[in-house]
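In Swiss-Prot this protein carries:
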- Gly735, Ala736, Gly737, Gly738, Ser739, Gly740, Lys741, Ser742: ATP binding site (BINDING)
- 59-224: domain 'Alphavirus-like MT' (DOMAIN)
- 695-862: domain '(+)RNA virus helicase ATP-binding' (DOMAIN)
- 863-997: domain '(+)RNA virus helicase C-terminal' (DOMAIN)
- 1236-1343: domain 'RdRp catalytic' (DOMAIN)
- 536-564: region 'Disordered' (REGION)
Amino acid sequence: MAKVREVYQSFTDSTTKTLIQDEAYRNIRPIMEKHKLANPYAQTVEAANDLEGFGIATNPYSIELHTHAAAKTIENKLLEVLGSILPQEPVTFMFLKPRKLNYMRRNPRIKDIFHNVAIEPRDVARYPKETIIDKLTEITTETAYISDTLHFLDPSYIVETFQNCPKLQTLYATLVLPVEAAFKMESTHPNIYSLKYFGDGFQYIPGNHGGGAYHHEFAHLQWLKVGKIKWRDPKDSFLGHLNYTTEQVEMHTVTVQLQESFAANHLYCIRRGDLLTPEVRTFGQPDRYVIPPQIFLPKVHNCKKPILKKTMMQLFLYVRTVKVAKNCDIFAKVRQLIKSSDLDKYSAVELVYLVSYMEFLADLQATTCFSDTLSGGLLTKTLAPVRAWIQEKKMQLFGLEDYAKLVKAVDFHPVDFSFKVETWDFRFHPLQAWKAFRPREVSDVEEMESLFSDGDLLDCFTRMPAYAVNAEEDLATIRKTPEMDVGQEVKEPAGDRNQYSNPAETFLNKLHRKHSREVKHQAVKKAKRLAEIQESMRAEGEAEPNETSGGMGAIPSNAELPGTSDARQELTLPTTKPVPARWEDASFTDSSVEEEQVRLLGEEAVKTATQQVIEGLPWKHWIPQLNAVGFKALLIQRDRSGTMIMPITEMVSGLEKEDFPEGTPKELARELLVMNRSPATIPLDLLRARDYGSDVKNKRIGAITKTQATSWGEYLTGKIESLTERKVATCVIHGAGGSGKSHAIQKALREIGKGSDITVVLPTNELRLDWSKKVPNTEPYMFKTYEKALIGGTGSIVIFDDYSKLPPGYIEALVCFYSKIKLIILTGDSRQSVYHETAEDASIRHLGPATEYFSKYCRYYLNATHRNKKDLANMLGVYSERTGVTEISMSAEFLEGIPTLVPSDEKRKLYMGTGRNDTFTYAGCQGLTKPKVQIVLDHNTQVCSANVMYTALSRATDRIHFVNTSANSSAFWEKLDSTPYLKTFLSVVREQALREYEPAEAEPIQEPEPQTHMCVENEESVLEEYKEELLEKFDREIHSESHGHSNCVQTEDTTIQLFSHQQAKDETLLWATIDARLKTSNQEANFREFLSKKDIGDVLFLNYQKAMGLPKERIPFSQEVWEACAHEVQSKYLSKSKCNLINGTVRQSPDFDENKIMVFLKSQWVTKVEKLGLPKIKPGQTIAAFYQQTVMLFGTMARYMRWFRQAFQPKEVFINCETTPEDMSVWALNNWNFSRPSLANDYTAFDQSQDGAMLQFEVLKAKHHCIPEEIIQAYIDIKTNAQIFLGTLSIMRLTGEGPTFDANTECNIAYTHTKFDIPAGTAQVYAGDDSALDCVPEVKHSFHRLEDKLLLKSKPVITQQKKGSWPEFCGWLITPKGVMKDPIKLHVSLKLAEAKGELKKCQDSYEIDLSYAYDHKDSLHDLFDEKQCQAHTLTCRTLIKSGRGTVSLPRLRNFL
């Protein structure tokens, strides 16, 4: 399985993984459905693991609760097993609820018999009344079953049952008997049940739920051994039990065999007859236990508790390996090996016995006292057996030697859950012989007292349904409320009617008068506007008297069309009181005669003016069609070049107007006729249909269709290829985005409602949801995505919305596949983007878009929009009547809460990975309408087609915001000015502190940890395993032809040889390091890489921005903070010693090239545990020396951004910069979640892998902080043109460049959040290339597309956050007690210092590091495993013996 898992883990392609997951899910579903019957419950993780060991799966998403779910699951599983072996004929069930037959999957038509005896009061509620009998009667079936009862009975019950029921042949029975109770052990399955012992009995407690507990006598455990039961059947009752002959007795035998066993639940098969059964009966034993031999007197002082054999062997080897095994050391070792959570399972007396026993073993000699057979001559060898016999007899008389004592003392007795079966013969004993094994005699009723303890008394009562109660409450409420007749009119009070005023009538009169005034005012405005239009048209007509308007057959030139003059001319009306125009929604008019005359005169004037305008328009014949889709079309509009925009274009003549097919809803036909969209019967291109069908059959395209069976794909292609032609009535509707193509169809569908044979096919699920929302009163299955429609079928009328986004050939294939389709309606835009197939081997990739084929059947193109305002629509060449100004803005910042449009699907997935779920591609946003959108511009934008750009630009109704995420490179080739010496670029103004130190509040005094004692360990126990594999010096050293071997393995001390000593003067190591760590390039290639990684840089920055809580808008530049950071950097530099400043003179000189870098090899001892004693020395690390002013400038920049980062970063993010271990401990205790696995992250070649993508990220980050542009350009220049003696370096991180730590940390954060989908509130700690998270987040799906474009590769390490497995961060372990140094790493480093003789110099530092763990004392047993405890103990002893005799952090603080 490990090899298979390794192969599966090697798959990195996300598509392959998706296919594997889909296939696995299809296999999982029937399996989970099968196990759901027995295990429908929500289980704990530990219980689920135990159940899986029994072959019982658990659904991790189940939420059904039970007090003892695991135990109940096993009970159900045994019933399921029983159901599979029971015959399909009537069976007698005893002590069983009838509803449990469901778990057996038993046919309810079988007339099974139920015999239930009410032993306890609650049995009345447990069993249905019709199944309860006064006493057990004769069993009339061949097979019977006793449920969870047999363990309370003795074999005499079996004898009586088979004796009184001659027809009975097979009896099945389930028992609940924990095998470990025979040894008085704790439960071997504590997650399923627990045990408690009381005198001569014990309690079985399922799931620690006392309500379901059983009480057993130890005598019940005899059932575990029963193999056969025999008895006699006297023919004459006069003979009694003693006086009989063979002829007078008939022999009977039943055979008992274990059928199945899960934990404490067992299924027995008891068969009439003397049959074969295994001599040994074995029960499941998860762990191996032993009991020490009973060697002490009195017997009570021996250790009788079964102990894990592993623990016993660890203790034995410990006491035999240490020099002196003191009593306290053995106790400490026992404390170390036993988990704190398991201590309550041991009594103090048992531990004393165990330690005493181990101390006894430690004092005995392990050297044999017997002679060997190899020494001596012939005579000696001949007499050797005699001597051995004499020595053996001597020890029997005078006592054993130490060696013989040790051999007998370590002869552990295994605890074996295997028993030899026994035969119970009642032929010569009374039937009550079983009770001889019981500690006392118990009546039959007492035996059955705890038989059924998990019943629910409420099961037998009928409860009133909730809806019935609510109905009664509603009825009571209605009765309390006086009824009101809806149709009853309000009567006026008696008396003078003139004095009565109806409030509703008064209100309506006021509303009527107000509305009339508003309508009249609107009519005046419209009349004036029509007069202006008429005047402008007349003016243009006079300018061109010889020209006439062109017909609708061709688009007229600019000279032929009327202009848009600004001339104003008042329209003279008969009265100053205009009336509502006919297109206004005026519900009320004044009833006076004067106002009626005004209304008639106003209508006449408006009609006349409107008709004059229409007569001058080139599209006057298309006005009804334009009005039908909501356009008045009375204005002339022009694009940017001055060309008039026609609202109707691409007219196709010659198409016959055919009748709609029979069965077409009249509402739909009416709307299409009004828009002049009559159907035309067209032939479909079968070649396109066959190409699509071939791709589907061969699973080259699609998502859902790939999951279909091969036979379905063959049926699809077969049906398409069988057709010679296919014609269908088609309505093609083309129009601009927002022109209302779908509006009329949706209106008709709302009128039609449910019950129609119409299917709407949509290209995306988002569009499907939009249609469902706009047409809510239809069946949900009317709207389908295109693959669902192909698989699930359609109606006889199919509407394809945005059909240009459907795969080429899909429409033809669907219509050919479903012959019942008689009418298709296509809505789309030939000017917008079309479907693009990415599969290179797909046949449809070479087909043209569907709009090319169907455009010749579209009667006209509606070039008008309701979506965009007039200014934007006209720039796009589209007619619009929306007034106002479209807001256009551009910056490098993203706006929040509005959709984001990006040029590529890859970019979309990456942005969605940052939490921007409303991200669409330019092409994929088709159908989207939003008030505001933001469009991301990058290097892919320029390669997008005009159709795609039109789609993106036409999405917004009010505002478009362009986001330019690339860096400005205009000043890239400019050089930095030469800088003066150190004294000239240092500022001498007064330094300002960034923030004042505020002393922390006094913490409450915590209760001190209890003292503990760690057991003594061998000095070499930690490093010995590394020394065993140590090679010779020159086998490990690096060798080069020019400089010979390196010199990293030094001295003859094997401890020192484990550690590689890297020195700056080692030429071989220097060149090996340069070859491994540095890569050369050239300035032009570096800059090309920088530009090519723009798309990745902005994704990294967006993830970083979200992770660190930076504001969405740019952070204004603060000169005050910049100067404070500069002074801080300067002060730190001047704090160096004078010698260091003098040594840096060369880098301070103006003659030092600002792009030049001096590279050195870092001198260090390599103390990483994973690099101890490596077979081959690894290359070292480089240090880069930059021009000093460059270091200080970019150091200031890094500190400036750090200042703002610390101000905004969330509390759950901790950056280990200028902090103390105490700070990290407090943070971890308040934020870290220790209840789940964690992830620690490291990288391979972190510095060298920070390429152009990381530089893009840094530039965007600097821009967000409003760093001056000249500083950003200087940083780009130094990163792309860094020169060493070998040439120009590739873009990478160099130690010593100024912002190394901050830049590494921020790149680490950006990469981690780009790769992982980290839940909100997750505790995270970062420092350079080290990081740790308190959860194991999932890898984002979008990261797989980005992974190959990043050089950076992470090395995640998952820890379980339990004893011995804690997340590591910068050499610190994050534990529930705070942070502490990794004891193994600390000990390894200490051993190096001790071997070099430098321990005295650094002892205080080691004591401080050790004290963070040492001060937790006894709690360390819960944190460290055995190996860590060994390292901790050895470190403590080394420091205590060589120092002041103790280790304590408070004491060290006082001392230092």
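Note that the numbers count up from 1, one per residue, in the order the chain is shown.
Backbone N, Cα and C atoms are what each Cβ position is placed from, and that goes for glycine too.
For the recorded ATP site, residues Gly735, Ala736, Gly737, Gly738, Ser739, Gly740, Lys741, Ser742 set the reference point as the centre of their Cβ atoms, and the other residues of that chain within 8 Å of it by Cβ are Val629, His743, Asp829, Leu862, Ala864, Thr865, His866, Arg867. The C-beta environment of Gly738 (ATP binding site), restricted to residues of the same chain at least 6 apart in sequence and closer than 8 Å, consists of Thr865, His866, Arg867, Asn868, Thr929, Ser954.
Around Gly737 (ATP binding site), the same-chain residues six or more apart in sequence whose CB sits under 8 Å from its CB are Asp829, Gln832, Thr865, Arg867, Gln926, Thr951, Ser954, Arg955, listed in sequence order. Shown in sequence order, Asp829, Arg831, Tyr861, Leu862, Asn863, Ala864, Thr865, Val878, Ser954 are the residues of the chain, 6+ apart in sequence, with a C-beta less than 8 angstroms from the C-beta of Ala736 (ATP binding site). The C-beta environment of Gly740 (ATP binding site), restricted to residues of the same chain at least 6 apart in sequence and closer than 8 Å, consists of Val629, Gly630, Leu862, His866. Scoring each of the binding-site residues (Ser739, Lys741, Ser742) by how many neighbouring Cβ atoms lie within 10 Å, the top position goes to Ser739. Taking DSSP states H, G and I as helix and E and B as strand, the domain 'RdRp catalytic' (1236-1343) has 42 helix, 24 strand, 42 coil. According to DSSP, Gly740 (ATP binding site) is assigned to coil rather than to any helix or strand. A C-beta separation below 8 Å, combined with a sequence spacing of at least six in one chain, links Gly735 (ATP binding site) to Lys741, Thr827, Asp829, Tyr861, Leu862, Asn863, Ala864.
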